[in-house]
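These notes are about the structure you will find just below.
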Amino acid sequence: MTDVQISSASTATARRPRKIKWRAVGDHAILIAGALFMLLPVMLTLTTSSYDNVTIHKEGIQWFFGDQLAENYNRAMFEKGGFTQTVDGFKMLMNSLILGIGFAVGKIVIAMMAAYAIVYFRFRFGTIAFWMIFTTLLLPLEVRILPSYEVVQSLGMLNTYAGLIIPLIASATGTFYFRQFFRAVPEELLEAARIDGAGPVKFFIDILVPLSRTMIAAMFIIMFVYGWNQYLWPTLMTTDESMFTLVRGIKQIMQVWIGANIPDYGVAMSLAIIAMTPPVAIVIFFQNWFVKGLTESDK
Amino acid sequence: MKKVQFSRPLFPYLLLIPQLSIIAVFFYWPAAEAIRSSFFLEDPFGFGSTFVGLDNYRDAVTSSEYVNVATFTVWFTALVAFLSLSLSLLLAIKADAVLKGAKTYRVLLMWVYAIAPPVAGLMGILLFDQSLGPFTHLMALFGHDFKLGVNYYDTTTAIVIVSVWKQIPINFIFFLAGLQSIPRSVREAALIDNPSGISRFFTVTLPLLAPTAFFLLIINITYALFDTFGIFDIMFKGEPGNNPTTLVYKVFLDGFRGNDLGGSSAQSVILMILVLGLTVVQFRMMERRVHYT
């Protein structure tokens, strides 16, 4: 008797959560399918990058790891390639780092200074400066690409890091985010600082910069990924192969590919994996800052 | 602006000098140059240029090639925006609903954000390649001979899939953040009033997500117009031929390959006006959002 009661009670309690669970199983199935959809192309590129070119050419994309992984990555990183045989993956990696970090740091420093001036100072041409800066949000580099190229050319900045980085900074997204952020900083802070006799430089360095630390970190991640992933501008700007970035180098791979009998698949895929690893690692590692920066700054 | 402000006569100008000088040289000068040269016919050998008024614009807009490219761009943008928005909305709703592993799913669905469009394009070539690609083999099972870079529609399909894939993460992040900002009390009240999941989604969740969705729609349009350049350029291996191209790609082709400076500039200016319109709409939406919060 008691046994029956217990079992019926347990089935009654077990049945209700099961109803909800089926729904959860469906949710998980959709999410797992989505995650696989995102992962699979990269996974296949990674596994195929561990085979030699003849195998890839004969048998197509590989689903499991082969034995040429170290060999292919070693060649991608250190074998001189391209038309002039002067650039290797390591050099391109360095150029990508310079572009990513230079762009992120330059943009943050310039944007913070400009946003500080706009939010915390009363001065004669303040409104004009504000509109001059924010008009740049309206037009992305792609629509003024040809004249931008000509300007950089006439300044003799082709194939230089400055020519690569500075024109990309000429948009006010960073300034806009920092302006929003500074405006939300409580007014009392400035009053208190002024009573204590802090000047504008001291207030900026001792109070505003430490307060913005999270914002700066989030901006750095977003801007680094943006800079690293630039394609059109570096493609136009750099004709000298020693200035190529990894993402720019992808195009070069394709151009060598077209003429080849058996294209160098292994190295091409290794380079693709190398080109995506640093930004992906940063986004995954600092995901909380990244998501926060992305969703809060755009509001 | 702050009520309490510093008033130093020179200091703010010093702070603004770097930003303003970069903008002047690398934004206003090129933009002005684009507008100026759109009214001129440049000699291809560099011997001066003649003022032609609005001829470049008329030639651009009335050429059948431009009309084709514009039509393709509209369809492409609509398709990419619709597919990536709806897929990521579905995933965000599910990621918001599950109790276990929500954080893991978030990482798994957003990390592709960091992959550059041309790198995505390179992977696309492998997956859709005529001899190597698994997708090509899959299509062969259905009796379709998939030819990337040869068949116009096959190339379009491949580019759309890669573009959607690349854009899902950012939409997902914003939709998830939007869903998570819906207060618990509102959700519970909605659950009591309306136990049906689907109708609750359309009457409660979707209207509350509308500002996010609209903001994302603009982001997606700009993405499909501009950021897909790398995907296109890699996926037809730098040989546009009779493959599909977007308006931005055509600006690049006419300017750098065709040496048609005036025509390319006129197309740039048309795009500028288009983007200007989009951004104005976006700003108005942002203002509205700020007012409500």
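Cβ atoms are placed via backbone N, Cα and C, with glycine included.
Curation plays no part in TrEMBL annotations; they are all automatic predictions.
Positions annotated as domain 'ABC transmembrane type-1' by TrEMBL: B:74-282.
Among the features that TrEMBL reports, transmembrane segment is placed at B:12-31 (among others).
A Cβ distance under 8 Å defines the sequence-distant neighbours of the transmembrane segment (B:72-93), meaning residues of its chain 6+ beyond its ends; these are 109, 156, 159-160, 163-164, 167-169, 171-172, 175-176, 178-179, 201, 205, 209, 213, 216-217, 220-221, 223-225, 228, 244-247. According to TrEMBL, the transmembrane segment annotation covers B:72-93 (among others).
Tertiary proximity for the transmembrane segment (B:105-128) is limited to same-chain residues at least six positions away from its ends with a CB under 8 Å from its CB atoms, namely 88, 91, 95, 98, 134-136, 146, 148, 154, 158-159, 161-162, 165-166, 168-170, 172-173, 176, 227-235, 237. Annotation comment: TrEMBL describes B:105-128 (among others) as transmembrane segment.
Here TrEMBL flags B:158-179 (among others) as transmembrane segment. Cβ atoms under 8 Å from those of the transmembrane segment (B:158-179) belong to residues 76, 79-80, 83-85, 87-89, 91-93, 95-96, 106, 109-113, 115, 117, 120-121, 123-124, 128, 135, 148, 205, 208-209, 211-213, 215-216, 219-220, 223-224, 228, 231-232, 235, 244 of the same chain, restricted to positions at least 6 beyond its ends.
As annotated by TrEMBL, transmembrane segment applies to B:200-226 (among others). Tertiary neighbourhood of the transmembrane segment (B:200-226): same-chain residues 73, 76-77, 80-81, 84-85, 89, 93, 163, 167, 170-171, 174-175, 177-179, 182, 186-187, 190-191, 194, 246-248, 271, 274-275, 278, 281-282, 285-286, 288-289, selected by CB-CB distance under 8 Å and a gap of 6+ residues from either end.
Summarising the annotation, TrEMBL assigns transmembrane segment to B:265-283 (among others).
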